[in-house]
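Report on the following structure.
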Amino acid sequence: MKIKHYPGKAVDASLSLEGSSAMGALYEANWLQAAAQSPSPQPPSLRISPGKLSRQSSSAGSSFLLDGISALSKYQMTLENIRNLEQQSRNNNIMSTIKELNGYRKPSTLQLDQHQDWVTEDPEPIEDHYQEKIPETAPPKEEYSAKDKPAVNHYVLDPTERPRPIPRPRQQLSVKPPSLRRSQTMSQPPSYATLRSPLRLHNKKPTVSNSSSAYSTFSSAAEDAQDQVVICQQPQRVMVPPPREPPPEPPRRPGKPLSRSQTTVQRYATIRMPNQSLYRSYTQKDSTGRRHSLEQAVKGLRLQEEEPREQGTDTSSTKQRQISPAASSNGSSKDLNGEGFCIPRPRLIVPVHTYARRRRTGNLKDQSSGAQEEEEEAEKDGRVEVSREGKYLSTLSGAKVLGELAILYNCQRTATITAITECNLWAIERQCFQTIMMRTGLIRQAEYTDFLKSVPIFKDLADDTLIKISDVLEETHYQRGDYIVRQGARGDTFFIISKGKVRVTIKQQDTQEEKFIRMLGKGDFFGEKALQGDDLRTANIICESPEGVSCLVIDRETFNQLISNLDEIKHRYDDEGAMERRKINEEFRDINLTDLRVIATLGVGGFGRVELVQTNGDSSRSFALKQMKKSQIVETRQQQHIMSEKEIMGEANCQFIVKLFKTFKDKKYLYMLMESCLGGELWTILRDKGNFDDSTTRFYTACVVEAFDYLHSRNIIYRDLKPENLLLNERGYVKLVDFGFAKKLQTGRKTWTFCGTPEYVAPEVILNRGHDISADYWSLGVLMFELLTGTPPFTGSDPMRTYNIILKGIDAIEFPRNITRNASNLIKKLCRDNPAERLGYQRGGISEIQKHKWFDGFYWWGLQNCTLEPPIKPTVKSVVDTTNFDDYPPDPEGPPPDDVTGWDKDF
Ligand SMILES: Nc1ncnc2c1ncn2[C@@H]1O[C@H](COP(=O)(O)OP(=O)(O)OP(=O)(O)O)[C@@H](O)[C@H]1O
Ligand SMILES: Nc1nc2c(ncn2[C@@H]2O[C@@H]3COP(=O)(O)O[C@H]3[C@H]2O)c(=O)[nH]1
Ligand SMILES: Nc1nc2c(ncn2[C@@H]2O[C@@H]3COP(=O)(O)O[C@H]3[C@H]2O)c(=O)[nH]1
């Protein structure tokens with residue numbers, strides 16, 4: 001971004017910017033840094049080490065910076081114009097240069113030849129503006145000693161990242177009805193477990209001093225007027241925020257020289273150009289209403305006719321005559337809507353101030369030939385020093401812009417600029433500057449709107465929506481190889497490519513390699529997924545074009561308001577899973593509760609029964625309909641869990657997870673229509689067989705590993721693994737069911753809800769230390785043990801005893817002989833007391849489990865493609881065969897009371 005290269009990065013602590021000035025933000029940071037480096041006593045809040053001026057060090061500062069991006073780009077265009085002007089003037093092409101700033105009338109009093117080098121005779125030099133600003137005292141030379149080197153700020157602004165407050169984790173302690181059979185699911189903490197408040201995460205914000213405290217660091221060093229020319233000077237020791245209205249007029253004293261040290265005669269030219277416009281051709285090429293309105297807006301800028309002014313006329317008096325009431329209110333863009341809007345012709349006053357300096361006596365580089373060349377080079381462009389309150393801030397040379405803050409914010413000069421070499425500066429009046437800003441703003445807006453119209457997804461958007469989007473767009477540029485978006489990072493922005501090509505890659509779960517997904521080019525967009533989901537980037541976007549990539553960046557708020565609902569945005573980069581989900585939704589859209597016919601009961605859960613159903617018209621398929629009593633959900637405060645169950649199952653598309661097709665609700669129940677798994681519960685088979693051999697256990701464990709891989713890669717913790725929640729389909733593959741305790745976690749965060757099944761809970765859950773996906777790896781070890789032996793390793797006569805045994809650890813458990821050495825090794829690696837040490841949770845992720853020697857030779861690929869033959873093939877004679885399930889008598893309790901409180905409106 002250009003912001004990186006902006007040279008004048010010193011900070012102005014006194015400037016009361018309104019959070020929208022990028023330059024202000026940069027200056028702010030620079031000033032803080034200069035202040036921090038300064039040996040002078042600082043208030044504690046200002047003692048920020050330079051290294052800490054990074055994004056994360058100061059949330060206030062960083063958001064300030066980010067907020068400022070908008071303002072930056074707004075006047076960046078202007079700065080470019082000004083630079084262009086300068087460039088062109090060097091080529092002595094005055095007329096064409098002036099035409100860049102359209103809307104000026106023909107010069108009547110100035111002769112062309114007078115402009116040839118931008119210098120015209122002017123008996124009333126502009127130096128008067130600066131006369132009173134010449135400091136009376138010189139700064140001590142130590143001010144510029146080596147220890148006060150220019151503050152080096154290298155800001156890498158990543159618009160995709162932003163620090164966020166850390167939310168406190170939710171703590172839910174509630175009871176599920178004790179209706180379970182052997183392994184009882186619970187969501188109540190053990191009574192002896194000390195329930196500590198969840199870890200308080202303080203989001204410490206470094207305090208950024210306000211302007212008044214910054215002022216308290218004022219040091220009285222003054223400029224050395226003998227040595228340097230002060231071009232503009234900040235007011236000394238202003239203790240109150242500078243007034244915003246009216247703008248301070250620079251003091252004028254006609255006839256006085258610019259400064260004591262000025263050696264060349266200053267020339268000052270007022271140049272006016274014919275009223276020819278850039279936007280004529282521009283408006284012609286577009287016939288839309290929106291363009292028309294733009295045209296009118298631009299025409300609104302038509303400048304008042306102005307009498308030719310005599311060369312050398314006092315500019316301020318002329319100016320007063322020219323300024324209309326509209327213009328004197330700054331001519332901001334909001335005025336453009338008003339009919340008959342008219343701002344005065346901005347008089348382009350382009351004085352060439354030639355400043356000279358005396359050579360500094362101290363701290364100069366040695367005059368070797370190299371240094372001399374450098375010096376000469378600098379001399380050519382001119383060099384100025386920026387200081388504030390006597391402190392050196394930076395040195396500017398070349399085509400740099402300065403003095404914009406005071407005119408942008410109607411405040412007093414915020415820094416002192418001192419010529420340290422001979423330099424030519426160009427000055428533009430406030431009015432002119434603002435007009436350029438306005439004009440370039442409009443032109444930019446029209447260009448962006450045009451571009452957006454050419455992008456297929458936006459072409460049908462209303463004109464005013466496009467204008468709104470154009471208004472907030474920020475253009476950013478990237479170089480080849482730059483990661484514009486990094487997978488896993490937090491994202492707050494949406495991008496449209498306006499130039500170049502980017503590469504999309506996705507990091508592979510187990511290999512860490514980046515898989516190439518696709519190329520995107522001009523008119524394509526990216527970044528919507530993080531904004532639609534949980535803020536995390538789901539892919540890498542890398543700048544591919546050798547000549548770089550330009551993107552138009554849109555903030556989250558605008559995206560949400562204007563863009564997020566576009567269908568194409570929602571689904572353009574859907575992976576296969578999401579596409580399949582869409583198909584499912586489509587397929588079940590017209591199925592209602594009344595279309596379902598109950599065949600038999602498959603099971604009884606905590607909140608009701610699970611019935612085998614068929615739709616009226618189709619006997620070739622069957623479904624499982626889970627029916628949950630709303631009153632009971634509310635009684636046990638499981639509303640949040642049920643909503644989460646619906647959300648997670650509804651989005652999941654994994655062959656090792658039971659699919660949820662549709663949900664319904666009525667006054668008494670919530671319903672989930674799922675795929676039916678007629679092979680029965682793994683628990684039933686285990687009960688009948690007693691235990692499984694190594695290879696059977698391996699197959700079922702591998703199915704769970706696949707399901708966990710799917711869930712964990714989406715940061716979803718399952719939390720209720722047990723053989724009862726593993727259902728076999730008719731082929732014998734197992735699928736995870738019952739997502740009542742599943743939860744989507746924020747990356748790196750833990751959860752504290754005490755839930756699970758006593759025999760399967762991890763120690764950190766019992767101890768309420770906070771848990772995450774590693775708790776699932778613990779339960780995987782327990783499952784392996786139970787499948788191999790028929791009983792879980794940690795079993796007490798009641799939950800309390802069970803917890804006690806769990807807390808003693810896996811090493812206290814005796815492993816029966818039938819558990820092979822490799823199996824026990826894996827179980828022990830999964831059931832480590834310390835969650836961080838559990839296999840699956842370490843660097844290699846879940847692939848470490850897949851690679852464990854117990855799985856040696858296991859045909860993972862066959863499992864994933866369902867070509868592997870399952871160890872047990874259940875007998876399922878038809879789609880309504882329920883022989884693999886126990887029989888359940890009718891519910892003795894009868895129908896529950898109505899619940900119409902509406903908590904389930906999103907179910
Ligand atoms: N899709 C399905 N196909 C076949 N049977 C199912 C299906 N879903 C659930 N069942 C049967 O119903 C039982 C209860 O289902 P589920 O575990 O989802 O209910 P729950 O109320 O969440 O139970 P819990 O109290 O164990 O959490 C299961 O153990 C299983 O026997
Ligand atoms: N406040 C401040 N101004 C700077 C800095 N570097 C360059 N400048 C320029 O110095 C100018 C002084 O006059 P303005 O306040 O109008 O605008 C200021 C900026 O354009 C800096 O670090 N801080
Ligand atoms: N996840 C994913 N993202 C893609 C794909 N193709 C392009 N993208 C874009 O890559 C972007 C990375 O950041 P986001 O996750 O915010 O949004 C993502 C999509 O806009 C794809 O196949 N999968």
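Including glycine, each Cβ sits where the backbone N, Cα and C put it.
The following features are taken from TrEMBL:
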type	residues	note
BINDING	Lys626	ATP binding site
COMPBIAS	181-191	compositional bias 'Polar residues'
COMPBIAS	259-286	compositional bias 'Polar residues'
COMPBIAS	313-335	compositional bias 'Polar residues'
DOMAIN	381-454	domain 'Cyclic nucleotide-binding'
DOMAIN	457-580	domain 'Cyclic nucleotide-binding'
DOMAIN	596-855	domain 'Protein kinase'
DOMAIN	856-907	domain 'AGC-kinase C-terminal'
REGION	36-60	region 'Disordered'
REGION	131-220	region 'Disordered'
REGION	237-340	region 'Disordered'
REGION	359-383	region 'Disordered'
REGION	881-907	region 'Disordered'
Three states by DSSP: which one describes the residue listed as 'ATP binding site'?
-> strand
When you scan the chain for residues with a C-beta under 8 Å from the region 'Disordered' (881-907), skipping those not six or more beyond its ends, what do you find?
-> 599-604, 608-609, 612, 629-632, 634, 639, 642-643, 646, 663, 665, 667-670, 678-681, 684, 728, 874-875
Do any residues at least six apart in sequence from Lys626 (ATP binding site), in the same chain, have a Cβ closer than 8 Å to its Cβ, and if so which, in order?
-> Gly605, Gly608, Arg609, Val610, Tyr671, Met672, Met674
Counting by DSSP, what is the helix, strand and coil composition of the domain 'Cyclic nucleotide-binding' (457-580)?
-> 35 helix, 43 strand, 46 coil
Of the residues in the domain 'Cyclic nucleotide-binding' (381-454), how many are helix, strand and coil by DSSP?
-> 32 helix, 21 strand, 21 coil
